[in-house]
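Below is one structure; the comments refer to it alone.
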Amino acid sequence: MAAAPRTVLISGCSSGIGLELAVQLAHDPKKRYQVVATMRDLGKKETLEAAAGEALGQTLTVAQLDVCSDESVAQCLSCIQGEVDVLVNNAGMGLVGPLEGLSLAAMQNVFDTNFFGAVRLVKAVLPGMKRRRQGHIVVISSVMGLQGVIFNDVYAASKFALEGFFESLAIQLLQFNIFISLVEPGPVVTEFEGKLLAQVSMAEFPGTDPETLHYFRDLYLPASRKLFCSVGQNPQDVVQAIVNVISSTRPPLRRQTNIRYSPLTTLKTVDSSGSLYVRTTHRLLFRCPRLLNLGLQCLSCGCLPTRVRPR
């Protein structure tokens with residue numbers, strides 16, 4: 001007798017990774033999943049519904065969910081038949097730029113969505129998972145949760161917070177047969193990333209000194225665009241990594257999705273002092289930009305695999 005489909009609640013499904021993941025799970029050939037695809041603004045649901053096709057209303061339903069609102073979370077969960085078996089914390093927002101030009105309100109918004117939004121959802125589904133002694137919490141983190149990136153101070157901090165919180169929680173939840181998986185993409189070529197880079201390239205960043213603005217506009221932004229061109233993944237590859245994690249009988253705590261990006265994260269892991277990563281990145285960006293360009297060209301030459309192999 002076939003097992004009942006698992007209910008998967010996904011936040012942030014209006015575009016990008018969340019949308020692609022919801023559609024792929026809903027079209028699972030074995031029909032292992034009943035997907036609740038959520039977004040803050042239901043006015044943006046048309047793209048998701050069109051991509052879902054015949055799965056809409058069958059293995060996929062669309063619901064409103066604002067991860068920054070207790071009331072919205074409670075309302076969403078009350079409309080789900082049964083319990084949430086798999087929670088995918090995908091909703092997120094970015095913030096890039098010189099620190100002096102960023103408001104505290106903007107920084108708090110990032111943490112409210114990226115960190116506290118994820119915590120709010122976990123608190124809501126955890127009692128049911130503990131009672132049933134089973135469940136899987138998947139968190140879409142980032143390689144920026146492993147290493148800081150220049151001019152991404154606040155975004156990286158929100159991802160570092162996720163990594164520490166969920167690694168700590170994983171120890172307790174293993175006793176309840178509940179697994180936590182932190183999925184850590186590198187650069188992903190999505191509408192989210194494209195809009196963010198376009199917006200910051202036009203921003204004024206008041207209160208920032210001219211030298212820092214020069215570094216941001218003339219060094220960081222061109223290097224960031226080249227990084228996306230060289231090692232950026234498409235959402236489908238990242239989604240496949242997430243699907244592999246969800247379908248695993250023994251889900252990993254961490255899963256990086258981009259093999260081409262791994263040399264950059266290795267710089268931090270091989271040196272416990274942290275100096276190797278900071279000094280190498282500083283040297284490449286500020287002193288040897290030609291060497292940085294050469295390295296990015298090497299990563300993009302096509303001799304390294306980019307797709308995630310099923311496990």
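Just so you know, glycine gets a Cβ as well, placed from its N, Cα and C.
As recorded in Swiss-Prot, the features of this protein are as follows:
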BINDING   LEU9, ILE10, SER11, GLY12, CYS13, SER14, SER15, GLY16, ILE17, GLY18  NADP(+) binding site
TRANSMEM  86-106  transmembrane segment
TRANSMEM  137-157  transmembrane segment
BINDING   SER142  substrate binding site
ACT_SITE  TYR155  active site, proton acceptor
TRANSMEM  169-189  transmembrane segment
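Taking the Cβ of LEU9 (NADP(+) binding site) as reference, residues of its chain lying under 8 Å away and at least six apart in sequence are, in sequence order, VAL36, THR38, CYS76, LEU77, ILE80, VAL84, VAL86, LEU87, VAL88, LEU121, VAL125.
Each of the binding-site residues CYS13, ILE17 was scored by other CB atoms within 10 A of its CB, and the lowest score goes to ILE17. Between the C-alpha atoms of SER15 (NADP(+) binding site) and SER142 (substrate binding site), the distance comes to 17 Å. The binding-site residues examined here are SER11, SER15, SER142; by Cβ neighbour count within 10 Å, the least packed of them is SER15.
Panel annotation: around the transmembrane segment (86-106), residues 6-13, 17-18, 21, 33, 40, 65, 67, 113-114, 117-118, 121-122, 125, 135-140, 151-155, 192-193, 196-197, 200, 203-209, 212-213, 216, 242, 246 of the same chain, lying at least six beyond its termini, place a Cβ under 8 Å from a Cβ of the stretch. According to its DSSP assignment, TYR155 (active site, proton acceptor) is helical. On a Cα basis, the residue listed as 'active site, proton acceptor' lies 10 Å away from SER142 (substrate binding site). A straight line from the CA of SER11 (NADP(+) binding site) to the CA of TYR155 (active site, proton acceptor) spans 18 Å. Counting only same-chain residues six or more apart in sequence, the Cβ atoms lying under 8 angstroms from the Cβ of TYR155 (active site, proton acceptor) belong to GLY94, LEU95, VAL96, VAL110, ASN114, SER142, MET144. The secondary structure of ILE17 (NADP(+) binding site), as reduced to three states from DSSP, is helical.
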